[in-house]
Amino acid sequence: MKILLIGPPGSGKGSVSELLTKNNALKHVSTGNLFRAILKEDSELARKIKEINVSGGKLVPDEITNQVAKSAIDELIKNQQSFILDGYPRTINQALALEQYCDLDYIFYLDINHQELMKRLTGRWMCPKCAGIYNIHFKKPQVDGVCDNDQATLYQRADDHEDAVSIRLDEYDKLTLPLIKHYKTNPRFIKINANQPIKDVYEDINNYLKQNK
């Protein structure tokens, strides 16, 4: 089973993916996580990504993104492992590259309004140890500024600051909205209301998967 979750930053792709992977024996493929892992390396690819200023909200070019994503996806296909794609593809060129070697079974579009996006993104804080995600509006830690799991001090990523969020959403509108139009003609395209709580978004998708196996 090969699933794509598509939607703007803050629509809940990562959180929904985590819930789905726990209950459906799926692997979570997040280009964001892949890039963060690469940035910890001392490699030419890491240096190229750093030069792009990802923390400032800019997207990594298609050529590099396709290379990183294909490496991860090829390995899963080789091992016949079901997976969820989160954050890839984001552009028409990326989608066309993916279609060369991967036939998606489900394409879930997380539809959400701009006001809710800003609330979610600018209120998001993360744990540096376990990568746990909190939000000051609807998913607060038990102790302000402290992770529930390991008591590490939470931090806000640079790309979750208001200025960077605005840049990310502008980039999304420019590059990813055409991608949604591309996928809308696909019979495997399913629109999900992502303005509702993450748990309800997950339930909608999980129920759809159960009913359409």
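Backbone N, Cα and C atoms are what each Cβ position is placed from, and that goes for glycine too.
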Q. Since Swiss-Prot lists Gly10, Ser11, Gly12, Lys13, Gly14, Ser15, Arg124, Ile133, Tyr134 for ATP, which candidate among Gln196, Gln211 does it give for that site as well?
A. Gln196
Q: Give the range, chosen from 30-60, 61-91, that Swiss-Prot lists as region 'NMP'.
A: 30-60
Q) In terms of Cα spacing, which of the binding-site residues Gly10, Gly12, Gly14, Tyr134, Cys147, Asp150 are within 10 angstroms of Tyr88 (AMP binding site)? A) none
Q: Output, ordered by sequence, the same-chain residues six or more apart from Thr31 (AMP binding site) with a CB under 8 Å from its CB, or 'none'.
A: Val60, Thr65, Val68, Ala69, Asp86, Gly87, Tyr88
**Q.** Chain-internal residues, separated by at least six, CB under 8 A from Cys147 (Zn(2+) binding site)
**A.** Cys127, Lys129, Cys130, Gly132, Tyr134, Pro141, Thr153, Leu154
**Q.** Pairwise C-alpha maximum, in angstrom, for the residues (Gly10, Ser11, Gly12, Lys13, Gly14, Ser15, Arg124, Ile133, Tyr134, Gln196) that bind ATP according to the record
**A.** 18
Q: Sort out for me which one of Gly12, Gly14, Val60 has the most neighbouring CB atoms within 10 A, since those are the binding-site residues we care about.
A: Gly12
